[in-house]
Amino acid sequence: MGELSPVCLYLLLQGLLLCNTGAARNLNELKMECPHTIRLGQGLVVGSVELPSLPIQQVETLKLESSCNFDLHTSTAGQQSFTKWTWEIKGDLAENTQASSTSFQTKSSEVNLRGLCLIPTLVVETAARMRKTIACYDLSCNQTVCQPTVYLMGPIQTCITTKSCLLSLGDQRIQVNYEKTYCVSGDLVEGICFNPIHTMALSQPSHTYDIMTMMVRCFLVIKKVTSGDSMKIEKNFETLVQKNGCTANNFQGYYICLIGSSSEPLYVPALDDYRSAEVLSRMAFAPHGEDHDIEKNAVSAMRIAGKVTGKVPSTESSDTVQGIAFSGSPLYTSTGVLTSKDDPVYIWAPGIIMEGNHSICEKKTLPLTWTGFISLPGEIEKTTQCTVFCTLAGPGADCEAYSETGIFNISSPTCLINRVQRFRGSEQQIKFVCQRVDMDITVYCNGMKKVILTKTLVIGQCIYTFTSIFSLIPGVAHSLAVELCVPGLHGWATMLLLLTFCFGWVLIPTITMILLKILIAFAYLCSKYNTDSKFRILIEKVKREYQKTMGSMVCEVCQYECETAKELESHRKSCSIGSCPYCLNPSEATTSALQAHFKVCKLRSRFQENLRKSLTVYEPMQGCYRTLSLFRYRSRFFVGLVWCVLLVHHLIVWAASAETQNLNAGWTDTAHGSRIIPMKTDLELDFSLQSSASYTYRRQLQNPANEQEKIPFHLQLSKQVIHAEIQHLGHWMDATFNLKTAFHCYGSCEKYAYPWQTAGCFIEKDYEYETGWGCNPPDCPGVGTGCTACGVYLDKLKSVGKVFKIVSLRYTRKVCIQLGTEQTCKTVDSNDCLITTSVKVCLIGTISKFQPSDTLLFLGPLQQGGLIFKQWCTTTCQFGDPGDIMSTPTGMKCPELNGSFRKKCAFATTPVCQFDGNTISGYKRMIATKDSFQSFNVTEPHISTSALEWIDPDSSLRDHINVIVSRDLSFQDLSETPCQIDLATASIDGAWGSGVGFNLVCTVSLTECSAFLTSIKACDAAMCYGSTTANLVRGQNTIHIVGKGGHSGSKFMCCHDTKCSSTGLVAAAPHLDRVTPYNQADSDKIFDDGAPECGMSCWFKKSGEWILGVLNGNWMVVAVLVVLLILSILLFTLCCPRRPSYRKEHKP
């Protein structure tokens, strides 16, 4: 057994894996969609799921069980008596008996079922108050299998208490997931949040509300009253279909319906609610429901045995119910209640479609559940902008987006958005991760483009790091870190400035000493090289002179070329006697012997050394080397002078490096004032402007004949607005394509009502009375009888988007000019101009991707953007075309289901229908090729019955603008502007720093004139960081200016030209714990007033303001810096003491 234990363990593990695989296959999801704001009295939330089929033998043992934490109502869990009504072929028929109307029979028996949707009176009505949830199921069966549909209804408060739990029905597990949508209180339809308000259609004009198609789930409730016919529901159906004379249908009850995913209960019938009348009429037309079968049975076949009657209950002496017996895929619900009995008699009829035609009087039933659709008026929830912030995390950033009314659309080209949602009250929050911070983070949220500057994230990390380093002095840690952590050259300049101020008295002599040592070594190497080279040149000159006067310098014996006369004389004396002229050792008096000895002789350089000693020794103490050696780098005067020069230099670099680069769109920091233009010629501007950008142009126009006469000129172009005259085509629908085969052996094709005949869109082809044996099963009667009915229909209709057709287009900009005291405004179209006596502003043309006759499709809120269709069918639409299925105010428009039927036959086999046309809806085709369509984004949309206006936030459109100002201006009249402007700073929020931004609130007073168009800037003492154009009116005006930039010492003032408010306000320091973005719409402003760039005086003014700001700010920072300066001076004094005998030590 010990040897077999590993095998047993292996088999056990395999069995567990197989069990887990089977469990996973039996897991189904039931999604409950909840609004994310739950208030009292908002009704019920409902959901359903269709489960896989199970053998009919298991139905009687089914039990719906729950492991959820909510309180389940027990009324549906008890056993209930049903009459099981089935059909079968008669057992006494001979083997080859052909099928006929008498070849089958029905049987009735009593069974007990539990958990079906038999909802007692007041259970649904009190569910919200009692905090009880209702779980039940319904059955759609043929002769062998049943397909359950599980329904879950509960008070909407369960969306708060439950996130996920499990239900079980037989061997099937149902994962119940409560998902909060981005809707505050409405249902999610077409990607938008829709609040159905049925009274709007009665009290308001049609253009003030929207109409949506929503699903309706209805459940039969039994309620008996002692007298009257008020609860006899069948009477209402008979009245609706104008059937008179029926007196036997005494069943009493009503349907309670839930609309969409959450709603208050709707009672059917109810005289005071037109929604109830609409549902009642749909029930009368489609008595079994408007949803015909499950999606996986979209292409299936059924065989009709014939009409049957039976006894319900089984103890009846005569038939009380009728229907159509079939085999094949199950269709509608197989449960119902008999209408002819006072007391409810429940029927379970597998394989039989029970009679539901209300135009007959007898043997009718009502289904226990009914599913359909209803069109309702209502309003679409307003959306708000998103707030996004990010924090640095590892190599990337952690970001979070939230909105007060939900996030319906969020995407980013640089981040991974995982759709993990949280809700705090009405706010919806989504967290996501951005893996890279080497580029700015762009997020599209609720139709707005948000940009987070990643350099601000790095600044935040820098602040955190420096704060940790200086944590021993927490009073100055953050203030010092904020000053140091500035991006780019500006930050390095700040750090060098502080290092120079604090440690300059130590760093300057240290760095100077190191540089001097390097220079001295280099000078010495250069001088040494010069000495050797000069000596070699001297020897060469001596050699040449000797050769000229005395002859050859070559020894005749050893053939060695000598360099001096003494060396040649020694060779002549020694070589001839066989002695070495250098070391005087004996050798042979031959050339080879002597040359071999010279190679090893150690005294060969004796004569060169003697010559070198006879020359004057070189003293490298003159010129550069001597100057460097005697440089007094430890002098207090030198160190102090360099320290002051470096401080001034660093302040200039610090101020100059604070300027931002010029941008096409956005603010460029400039000095105060505006540019002056002498009007010697006409002033002409010709440029291209992005559709999402506004443009401000401001100048002082000067009289060339008199420089004192100046006219203020202000031009303001607002963002481009697209005006589209539209035709509302309706709502585009998606649907499931169904192909059904209905075969019966005898009777004409008109004998039966086929399931697809109650669908909104269908076509049918009948193959009646077969003429051969090739299309008949073996039990059919043969040639000349029977029918194969082929049907194609569309169901499971779902509204997916709004559709508008562009009738005409206009592109406009509002143009305003202020020339002296004259102000003119006009909304200018393409190829239109604003013309005054002196100024002409023209919008010459627009580059656009929109054209009249284009069709716009919105798959969600307008702010989410849409798709442009160049071809959209409006009259003759085929299934699969864009716009194939449309829901319009006049009703449903069905497409042409083009294609031909073909009956597939085989000998002794039931025929099957085939369809060779398109089977994919236009919406599904569009989704598969969505990237091939042009898309567009929308900001600030405004829609009415026949018009749609919006701004393009992507700058995909451009306008050609031309501006001409005539030089013939009336300077005498226009230069004298009586308007007086006084400015005061009210408040400020936000932070200084180029990546954070601030909002300055100004109070501007206008006197002496009624209106004046001008620009108000946000400036400190040196520069301006933002501007806004304001049309001032007489009196007090509140102006908001958004700016970015500045430093810790900036006192932001409200300025007009060179006049500023008397006081300024200091913005907060950029803590940058959570970096928020700026709206791209706020940044798409082009401002050009020609103000001069910051020069030398501006730099000193900026540096001085910063120093004063530091002094007036956290005094502990200044104290610490001064202490460090004193310590560095003391250290310098100790390391570099003054030497009074310096001159004596260096006396020559």
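Glycine is no exception: its Cβ is also placed from the backbone N, Cα and C atoms.
Sequence annotations record features per position, and here Swiss-Prot assigns signal peptide to 1-23.
For CYS68-CYS165 (among others), the entry in Swiss-Prot reads disulfide bond, with the evidence type similarity to another entry. DSSP assigns CYS165 (disulfide bond) to a strand in the three-state reduction. Around the Cβ of CYS165 (disulfide bond), the same chain contributes SER66, SER67, CYS68, ASN69, PHE70, VAL176, each under 8 angstroms and 6 or more positions distant in sequence.
CYS146 (disulfide bond): 23 other CB atoms within 10 A of its CB, across all protein chains. Annotated disulfide bond per Swiss-Prot: CYS141-CYS146 (among others), in sequence order, evidence recorded as similarity to another entry.
Counted within 10 Å of its Cβ, the other Cβ atoms near CYS183 (disulfide bond) come to 25, all protein chains included. CYS183 (disulfide bond) carries neither a helix nor a strand DSSP state and counts as coil. The disulfide bond annotation in Swiss-Prot covers CYS183-CYS193 (among others) and rests on similarity to another entry.
In the three-state DSSP reading, CYS399 (disulfide bond) counts as strand. The disulfide bond annotation in Swiss-Prot covers CYS390-CYS399 (among others), and the record cites similarity to another entry as its basis.
Annotation comment: Swiss-Prot describes CYS462-CYS485 (among others) as disulfide bond.
Annotated zinc finger per Swiss-Prot: 555-575 (among others), in sequence order. Mean model confidence of the zinc finger (555-575) amounts to 83 (pLDDT, 0 to 100 scale).
Long-range contacts of the zinc finger (580-601) within the same chain, counting only residues at least 6 positions beyond its ends with a Cβ under 8 Å from a Cβ of the stretch, are 557-560, 567, 570-571, 573-574, 607. According to Swiss-Prot, the feature zinc finger maps to 580-601 (among others).
The motif 'YxxL' annotation in Swiss-Prot covers 625-628 and is backed by similarity to another entry.
Per Swiss-Prot, disulfide bond is recorded for CYS749-CYS787 (among others), and the stated evidence type is similarity to another entry. CYS787 (disulfide bond) falls within a strand segment according to DSSP. Under a cutoff of 8 A between CB atoms, and with a sequence separation of 6+ in the same chain, the neighbours of CYS787 (disulfide bond) are ALA742, PHE743, HIS744, GLY747, SER748, CYS749, LYS751, ASP766, TYR767, GLU768, TYR769.
Sequence annotations record features per position, and here Swiss-Prot assigns disulfide bond to CYS761-CYS894 (among others) based on similarity to another entry. In this structure, CYS894 (disulfide bond) belongs to neither helix nor strand by DSSP; it is coil. All protein chains shown were included, and the count of other CB atoms within 10 Å of the CB of CYS894 (disulfide bond) stands at 20.
Residues annotated as region 'Fusion loop' in Swiss-Prot, with similarity to another entry given as evidence: 767-787.
DSSP assigns CYS775 (disulfide bond) to a helix in the three-state reduction. The feature disulfide bond is assigned by Swiss-Prot to CYS775-CYS905 (among others), with similarity to another entry given as support.
Residues or ranges marked as disulfide bond in Swiss-Prot: CYS816-CYS825 (among others). Cβ neighbours of CYS816 (disulfide bond) (same chain, under 8 Å, six or more residues apart in sequence): HIS714, LEU715, GLN716, GLN823, THR824, CYS825, LEU1013, ASN1031.
Among the features that Swiss-Prot reports, disulfide bond is placed at CYS833-CYS842 (among others), with the record citing similarity to another entry. Look at CYS842 (disulfide bond): DSSP puts it in a strand. Around CYS842 (disulfide bond), the C-beta neighbours below 8 angstroms that are at least 6 residues distant in the chain are VAL828, ASP832, CYS833, LEU834, ILE961, ASN962, VAL963.
What Swiss-Prot records for CYS1002-CYS1054 (among others) is disulfide bond. Close to CYS1054 (disulfide bond) in the fold, though at least 6 residues off in sequence, lie LEU983, ALA984, THR985, LEU1000, CYS1002, THR1003, VAL1004, ILE1016, LYS1017, ALA1018, ILE1039, ILE1041, CYS1060, SER1061, each with a CB less than 8 Å from its CB.
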Where CYS390 (disulfide bond) and CYS485 (disulfide bond) are concerned, what is their Cα separation in Å, rounded?
18
How big is the Cα-to-Cα gap, in Å, between CYS485 (disulfide bond) and CYS775 (disulfide bond)?
86
Sorry to bug you, but what's the C-alpha spacing from CYS1019 (disulfide bond) to CYS399 (disulfide bond), rounded to the closest Å?
32
CYS399 (disulfide bond) CB neighbourhood, other CB atoms within 10 A:
26
Quick one: of the disulfide-bonded residues CYS141, CYS462, CYS1019, which has its CA closest to the CA of CYS775 (disulfide bond)?
CYS141
Which one is it: of the disulfide-bonded residues CYS141, CYS183, CYS193, CYS761, CYS1024, whose Cα lies the shortest distance from the Cα of CYS462 (disulfide bond)?
CYS1024
State the Cα to Cα distance, in Å, between CYS141 (disulfide bond) and CYS894 (disulfide bond), rounded to an integer.
30
If we count other C-beta atoms within 10 Å, could you say which of the disulfide-bonded residues CYS193, CYS749 has the fewest?
CYS749
